[in-house]
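Peer 1: One structure, as structure tokens, below. Some questions next.
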């Protein structure tokens, strides 16, 4: 049986990863484009996220606009939005299961059922981590591919935003926390030893006349 400290550590890491996924989803910094004109005053930075894009001027002014339609996003960001939302929901289910199966809670009385619930929670967190790392890595791959593509204009080339690094950190926390929770082994049920006795044969009766 894994110690309570290991279980608490796994839950804490997974919850931090869950919060980081929500931050990754909310921040409009998946892709960053920098336009620098002849005058530094005219320079601006464009942030592209899953829900909106923002234009940051060199003066510090920032204007954000929510996407009018889902079709306004590129295909990789459309898929990323769906997968990240699913990851948040799956991780929330993992948090609920970890609370139910926690050693310090009384939702379940059976220790074996608690351990099995924590294992399921760990698997759910692992799934949530995979659902995050796939869209983040896919978006980063497309950004790097376009950056080194000579056919793409320099003004259209983008760089990786902070949301991608937050997403990688979130997936790492979820995978690590889920892995620790999967170390919960159900306690062995010691079956009482039942000794079987064979009926002793009585000694041969004396012969009666």
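A Cβ is built for glycine as well, from the same backbone N, Cα and C atoms used for every other residue.
Copied straight from Swiss-Prot:
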DISULFID  54-64  disulfide bond
MOD_RES   208  phosphotyrosine
REGION    1-103  region 'Interaction with EPHA2'
TOPO_DOM  1-9  topological domain 'Cytoplasmic'
TOPO_DOM  31-81  topological domain 'Extracellular'
TOPO_DOM  103-117  topological domain 'Cytoplasmic'
TOPO_DOM  139-160  topological domain 'Extracellular'
TOPO_DOM  182-209  topological domain 'Cytoplasmic'
TRANSMEM  10-30  transmembrane segment
TRANSMEM  82-102  transmembrane segment
TRANSMEM  118-138  transmembrane segment
TRANSMEM  161-181  transmembrane segment
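Are these features on the surface or tucked inside, and what touches them?
Peer 2: The number of other Cβ atoms within 10 Å of the Cβ belonging to residue 54 (disulfide bond), over all protein chains shown, comes to 16. When secondary structure is read from DSSP and collapsed to three states, residue 54 (disulfide bond) falls in the strand class.
Residues belonging to the topological domain 'Extracellular' (139-160) score a mean pLDDT of 84 in the model.
For the transmembrane segment (118-138), the residues of the chain that approach it from at least six positions outside its boundaries are 7, 10, 14, 17-18, 21, 24, 76, 79-80, 83-84, 86-88, 90-91, 93-95, 97-98, 101-102, 164, 167-168, 170-175, 177-184, judged by C-beta separation under 8 angstroms.
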Peer 1: Run through the Cβ atoms and count how many others sit within 10 Å of the one on residue 64 (disulfide bond).
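Peer 2: Taking all protein chains shown, residue 64 (disulfide bond) has 13 Cβ neighbours within 10 Å.
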